[in-house]
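Asker: Sharing a structure, written as structure tokens. Questions coming.
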Amino acid sequence: MSRFPAVAGRAPRRQEEGERPIELQEERPSAVRIADREEKGCTSQEGGTTPTFPIQKQRKKLIQAVRDNSFLIVTGNTGSGKTTQLPKYLYEAGFSQHGMIGVTQPRKVAAISVAQRVAEEMKCTLGSKVGYQVRFDDCSSKETAIKYMTDGCLLKHILGDPNLSKFSVIILDEAHERTLTTDILFGLLKKLFQDKSPNRKEHLKVVVMSATMELAKLSAFFGNCPIFDIPGRLYPVREKFCNLIGPRDRENTAYIQAIVKVTMDIHLNEMAGDILVFLTGQFEIEKSCELLFQMAESVDYDYDVQDTTLDGLLILPCYGSMTTDQQRRIFLPPPPGIRKCVISTNISATSLTIDGIRYVVDGGFVKQLNHNPRLGLDILEVVPISKSEALQRSGRAGRTASGKCFRIYSKEFWSQCMPDHVIPEIKRTSLTSVVLTLKCLAIHDVIRFPYLDPPNERLILEALKQLYQCDAIDRSGHVTRLGLSMVEFPLPPHLTCAVIRAASLDCEDLLLPIAAMLSVENVFIRPVDPEYQKEAEQRHRELAAKAGGFNDFATLAVIFEQCKSSGAPASWCQKHWIHWRCLFSAFRVEAQLRELIRKLKQQSDFPRETFEGPKHEVLRRCLCAGYFKNVARRSVGRTFCTMDGRGSPVHIHPSSALHEQETKLEWIIFHEVLVTTKVYARIVCPIRYEWVRDLLPKLHELNAHDLSSVARREMREDARRKWTNKENVKQLKDGISKEVLKKMQRRNDDKSISDARARFLERKQQRIQDHSDTLKETG
């Protein structure tokens, strides 16, 4: 199991009388501490102690700006206090008298952490005056006045209350990240004010907060609304390009050794100050922690380290699937004489601020969800970060003192491989879920919806087609009763479709654990250490064997049921190398999905079906109802080809129980694809062709344009234009033909033929005469 957090260094020095033992110092329990250590706190009206922030000098002006404008853009450097202080100011100014102050975050970790921080500052219990809501977890009450939530949760609020009558202020935070849901919220809020709905609250205010973004463009989108700039307080940060990655290495992400080397060089050669390292995901982070620990263990602190006050290195991972308690540790001061090193995903670039960071190691890459048009699927890829993201990362080193940023890539990589800004998610991912949401909000014209950056029309039409294939919309593009039910589920449409199909057969118990497991982080622990790795793989194979050894979906169900039924689930997870936190989340998800299904089945018109057959067949048939777009047939050897019309080759991922059994298979369905050296299908199960025979034609039978009223109207107009042009060409051809016919008729009468013959004989006689004259001259 993971040994981190852990301290690598020499044995602790003898404890002096009155000195605290070396441990994480939790005398300041706040979840996030941003203020400078030397500055004194100030007391809020709620009685809590609040650190000093740059935003405090702008408090009165900022409150007045919110009062005076329906839309306001607030910009300032990360750490200026926007996220934690502005909602408090508005609460203390009385805005919550007209409704809640809602604050969105793109990530649930940030929503929870910031809510904890603000609740501590306001001296209240989390869930009372200050609460949060993330997917599958609502920690709020009727008393809640400030509610932090993911942007997806606000979208769910709009589904039930399009006029947002329960809110007085909506704050869209971290707008520069341009998530898909945030962009949709931009359009919905703009439309809410444009339509001037009679039920809209007059007091509703919208604040958009961004650290780095095209502010003029955003202001123009919201009717040239004012931009309120909070002057920053950043210390200078020196940048160093380490030149370990160049433009040719854009596709090569095997850079862990380089990251660890640079980090260790900082620890040995730089003065005291904590280190923040940016990597792309959990596997890279855990591997780097292990390698860094091994190197730090061999350091002689009497000779190797330039700063003699240092006795060790505290290594702390930070990624989304960690527990809240584990995440809290990264914000606590390290023990005396110990340097803290946080190895994190991109979440620490903007959403969270860690005090004491003086050195940043920028790995230059991030995991990003991109739509692959060749496969017709969204794929999580490792790509270079943007220049704006790189500046965000380096800014973390200049929060409390001057700092340094070590970029492992070269200047050429910066200029040639890194875009200026983040590509908005709406322009690079599937739109299926949000298009369904818009349809359920009676926004039928999804093509001309007010987007800040309009997505490619192809992505919209593809989303419409997928919704039709799931029976969420009809051939006219109108949402169906099933579609209205599907939008209530916090699942992708295809997975929701499979769950509802199972419910109609009264076998939802088979699908709900699987749906819950697919909704959380990867549950399998795959350690870096080779010895532990073999043990983990053996345990995972045993679990797959209990599910029949031939169905990855069923393996997830077995893990869910066995862990839940064990007397000590945490110990069971440790024994089987499974993430207990992920399983615990899956239990909560399954309970909420079960409640949604219960309410759905109470409806009088809910369809009921019967099927006589073994459970394993019912399970796979229900999966086919939602995953028939992800059907593949074996072509040659171990290669499969998708059946969606693209015929893309895919291979079964090595982690699957079906890996190396490909020759026994003919047809499969899969949950997702992963692109590395090959295109791999993950979470796979075998099926029979007859189960999808009637479903596959839906992938091809309808033109996507038919599902959009606007597209249909444009197609009709285009068809009329083409028909008119065709008729004009036809008439032109007819006119030409008639003229040619007249000429032919004139040429074919007796007189014309006689005249033509006479002209031919005359020309022939002339040629004979010319030839005779030539012979005489030469003779």
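The backbone N, Cα and C atoms fix where each Cβ goes, glycine too.
So Swiss-Prot has the following annotated:
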REGION    1-53  region 'Disordered'
COMPBIAS  13-41  compositional bias 'Basic and acidic residues'
COMPBIAS  42-53  compositional bias 'Polar residues'
DOMAIN    63-231  domain 'Helicase ATP-binding'
BINDING   GLY76, ASN77, THR78, GLY79, SER80, GLY81, LYS82, THR83  ATP binding site
MOTIF     173-176  motif 'DEAH box'
DOMAIN    263-442  domain 'Helicase C-terminal'
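Structural setting of the listed features?
Answerer: Restricting the average to the domain 'Helicase ATP-binding' (63-231) gives a pLDDT of 91.
Under DSSP, THR78 (ATP binding site) is assigned to coil, being neither helix nor strand in the three-state scheme. There are 22 other Cβ atoms within 10 Å of the Cβ belonging to THR78 (ATP binding site).
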Asker: For the binding-site residues listed here (GLY76, GLY79, GLY81), tell me which residue's CB has the most neighbouring CB atoms inside 10 Å.
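Answerer: When each Cβ's neighbours within 10 Å are tallied, GLY79 tops the list.
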Asker: With every protein chain in view, what's the tally of Cβ atoms within 10 Å of the Cβ of SER80 (ATP binding site), excluding that atom itself?
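Answerer: There are 26 of them.
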Asker: Ranking the binding-site residues ASN77, LYS82, THR83 by other Cβ atoms within 10 Å, which is at the bottom?
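Answerer: Sparsest of the binding-site residues ASN77, LYS82, THR83 by Cβ contacts within 10 Å: ASN77.
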Asker: Mind tallying the motif 'DEAH box' (173-176) by DSSP state, helix then strand then coil?
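Answerer: Helix, strand, coil within the motif 'DEAH box' (173-176): 2 helix, 0 strand, 2 coil.
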